Structure formats: structure tokens, C-alpha cells
Amino acid sequence: MADTYVGAIDQGTTGTRFMVFDHSGQVVANAYEKHEQIYPEPGWVEHDPVEIWENTQEVVTKGLADAGVGAEQLEALGITNQRETTIVWDKETGKPVHNALVWQDRRTTDRVEEIQEEDKVEWIRGKTGLECDAYFSATKTEWILDNAEPLKMQSSRGADLRERAEDGELLMGTIDAWLIYKLTGNHITDVSNASRTMLYNIHDMEWDDELLEEFGVPESMVPEVRPSSDESLYGHTDADGFLKEEVPVAGALGDQQAALFGQTCFDKGDAKNTYGTGAFYLMNTGSEAVASDNGLLTTVGFQMSGEPVQYALEGSIFIAGAAIEWLEDVDLINNAAQTAELARSVESTDGVYMVPAFTGLGAPHWDGRARGTIVGMTRGTRKEHIVRATLESIAYQTRDLAEAMEEDSGVEMTTLRVDGGAVKNNFLCQLQSDIIQTDIARPQVDETTALGSAYAAGLAVGYWDTVDELRDNWQVDEEFSPEMDAGKADKMYARWDDAVDRSRDWAQEE
């Protein structure tokens, strides 16, 4: 009998990856395709959902072919995705009515400020655990319904999108729901993605009627919410579709929750930080939804079939790896691999601080009008100093979150598990350990996001029996311990606070 595997579709901000894992959690196949970033106006970011679906089919087909694995050898498919990014599509045709509004998109900042002025921020936080921000799906869905050009279709000539939504002709969802719909024909999301919409009550674990009304989203538009690892399955791929097989689709997690799962952070107090486009620090808080006094989000971590939901505290940094991309954009570096070498070539930043608030600041500051800032430059400043300051900014932002996390949870962290593209950079890992004065553990399989969704899907179909099997799979690649004096780290971090202050509240309304 041929070996069997679990597949994972990892639909990220910059591209789509398909990976296949074996029983020991090792990578068998890996294919990747970038998609276009669309910037119609400053602060606006869109993706084409059709391109994403086409790329998904392409990477799945290519990944299987390259590894010599047949679709019939897949016991299950899991999905993980960039969270909050929002799509509205036509129920009948399956066609999007507008490009996806990406999580980084700031076009609804004015609407968020309106909500703040109406004193509804605490009301929203109480229900959703979220800070009221343009980051989440609620204001994005509202914007699409109010502003997208209606599709000129026979059935809807003259009818605007709001009317069509009220008539039950439109569906909305985050990327996981879009992919599950395209793969299985079912309109389903998981608890972790639902918890990021700002429309879902994380205490009652259901769509919140008052929030749906506040943002003008009819209940007929929202997907059914299921566990992240679902024994009753989200559906099967179509035997007549691109895979030519009925593969169970059984697991879904927003990317950061998937990384928490993939890092086997199954117990209260376990924490991980993922360094991708942004950086996302999550701590499992068990069956208690811990409210934050420090600008962190209370969110759903994950849920397995028949088990209580596990909550998490989350700190979201909007720009981490994207700050390194910016160094490339402005020709300070040729590629990301150069950053460590350049940063090491100088002993310090020579007083330069870089605050990468290109799309505002996330936790714990939540300032949508903050903008990217470099301070402390002199005529002696060289590009090496700016590169080093950029890497340091990632470490400082993480310390912002680590301190908030310890204060809210009362749990002192001993080791932080890290993953994501940027952790291949040893210089950054060591710097991170120095700045937060904590041990850093990097696992052997660094694509933990895809691994987490594969684990969720595999558990649902019995490919793995228990989470203990998954814990045994987790292997450390390298550990980093603080080498910097704590006093020096504190001093450097205090100046970071000053630099952040200078970036705040910069963007003006036109």
C-alpha cells in the first residue's frame, strides 16, 4: 500500500504555499507561488481572490507532482491563511464582487474613528476581545457593500450590493472560507478565523447580532463556524475538480493560530512568535479568555472537535519582515540574506532607531496614524546602521509585546518558540534573545503555519491520534540565550520608546 500524507494550503499575504507532511511531521512536498499586491491608493492594499484561487490549484498540483505523490494518498487537507483579509462574493456564480481587502488595508480608519467617537470601543472589545481597528474584517465588509461597484449581472441589474446582500445573494468570508468554498462548495470558517472578524462573540461562540447590525452585515452573508480540527469535516474536494479525487477538508486555522498549533503550544502559558510580513506573538491562556489591560488582543486560539475552545492573548506587529523588504525596495540591500552581514559589520546603530510604522502601529500602541520614522541620524550614519536599526526594530517590537503579555497573563516566560521566514537569520534570533532577555528556541520545521493546519486536519481524520504524538514530533534546531547585559538591553529599549513617540499620530486627513 502506498504511503499516506496530509496536505496543507498556506495562503499568505505575499503568496500561496502547498506542503505535504508525513507522520513524523517532516516535509514531503513544498510548492510556492507569489501573487500581486495591489495598491490603488496610499494605505490601501488589495489582492485578487481569483488569482489566489488559481495559484492555490497550481501549487497543489505542482507540489504533488514534484513529490511524486498522488491526490489519493492525501488523507486530509488543512488550510491556513492570512487572517482578516476579506472577500465578498456572489452566492450563485462564486465570483467576487470586489478585490479582497487585505488585513494591512487602512481605508476604513475614518469609520474606526467614528466608532471611537461614539464610545463603542469597549463594547466591541467586550464581545470580540479585539481592539477596534481597520485591521479586522467588519469595517472591510461594510466598505465593500457601501463602495464596491455592483456587478452588472442579469439578475441584479440596478440592484446595489447592499440590497443584494439583504436578499441573501452575497456571501462574505476570510480567505479560509473562500478556499473552503472553492474546494468543497460549502460556506464554512473555523473559530480562529471567525474570532478575527470583529463580528463574532468569542464568549458566546457565535456571530453577534448587534455587531452584524452595527456594520450592516446580514446574517445570511456570514459562514457557518466550525472547530479548527473538525471530525465531521468541512467537506470534500470535488472528484471532477482539479484534484480528480474526493479529499476530506478537515482543518483550518488563521495563520498565527496555526503556528501556535504547529509549535505544539497546547498548554496554558505556551507562547510563540512568528516573524513573517508582520510579527505575531501568541500565548495560550487555556479555557480562559484573558482580557488585556495592555493593548493585546484576546482571541480564540483553536478548538478541536468535541473539546472546549482554547483562548490566546495576541500581540500583532504590522511590519516585521516587510521592513526588510522595504530595505530592498529603497536599494539599501539586494536581498534579505545580506542584512545579517551588514548589521554585524557595525558594533551598534550609532544611535539610529528605525520605527517601521508604514501602516500604523499595532499592539500595544494601536495608532493607525503613526508612520515609518528613522531618528538619530548624523552625517556619520551609513546604510549598515540603518539595516541594523531595522533588524533591532523587530526585536524591540517583540519586547513591547513580551512585557504586555507577562503583565496581562501573570506568566513569566522562560522560552519563546519562534518561526517564520526571518528566523533563519541567526543574527536576528540572537538579537531577539538579548533584547527580551529570554531564551529563544527555533524548531527544525520552520514552516509551522502549514504544519499546524496539517496537524488540525490530520487529527480530525485520525491520521494522528493524539496531540502527544505531535509534541513528540517537535524538534529544536537551535537555541539562543541572552549574551547582552540586561542593563544595556534596558537602556537601548528605553530609547526605542522615545523613537516610537516621534512616529505617533503623523498621518493627516487630506
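Cβ coordinates are placed from backbone N, Cα and C, and glycine is handled just like the others.
Listed by Swiss-Prot as binding glycerol are Arg83, Glu84, Asp255, Gln256; the candidate from Tyr32, Tyr39, Tyr135, Tyr200 that the record includes in that site is Tyr135. Residues Thr13, Arg17, Thr277, Gly421, Asn425 are given by Swiss-Prot as ADP binders; from Gly235, Gly315, Gly321, Gly380, that same site also lists Gly321. Its own atom aside, the Cβ of Arg83 (sn-glycerol 3-phosphate binding site) has 27 Cβ atoms within 10 angstroms in the protein chains shown. Taking the mean position of the Cβ atoms of Arg83, Glu84, Tyr135, Asp255, Gln256 as the glycerol site, the remaining residues of that chain whose Cβ falls within 8 Å of it are Gln82, Thr85, Trp103, Arg196, Gly254, Phe280, Ser316.
For Tyr135 (sn-glycerol 3-phosphate binding site), the spatially nearest entry among the binding-site residues Thr13, Gly421, Asn425 is Thr13, judged by CA separation. Just so you know, the Cβ of Asp255 (sn-glycerol 3-phosphate binding site) picks up 30 other Cβ atoms within 10 Å once every protein chain is counted.
Cα spacing between Thr13 (ATP binding site) and Arg83 (sn-glycerol 3-phosphate binding site): 9 Å, rounded to the nearest whole number. Among the binding-site residues listed here, namely Thr14, Gln256, Thr277, Gln256 has its C-alpha nearest to that of Arg83 (sn-glycerol 3-phosphate binding site). Among the residues the record lists as binding sn-glycerol 3-phosphate, namely Thr13, Arg83, Glu84, Tyr135, Asp255, the two farthest apart have Cα atoms separated by 15 Å. Reduced to three states, the DSSP call for Arg17 (ADP binding site) is strand.
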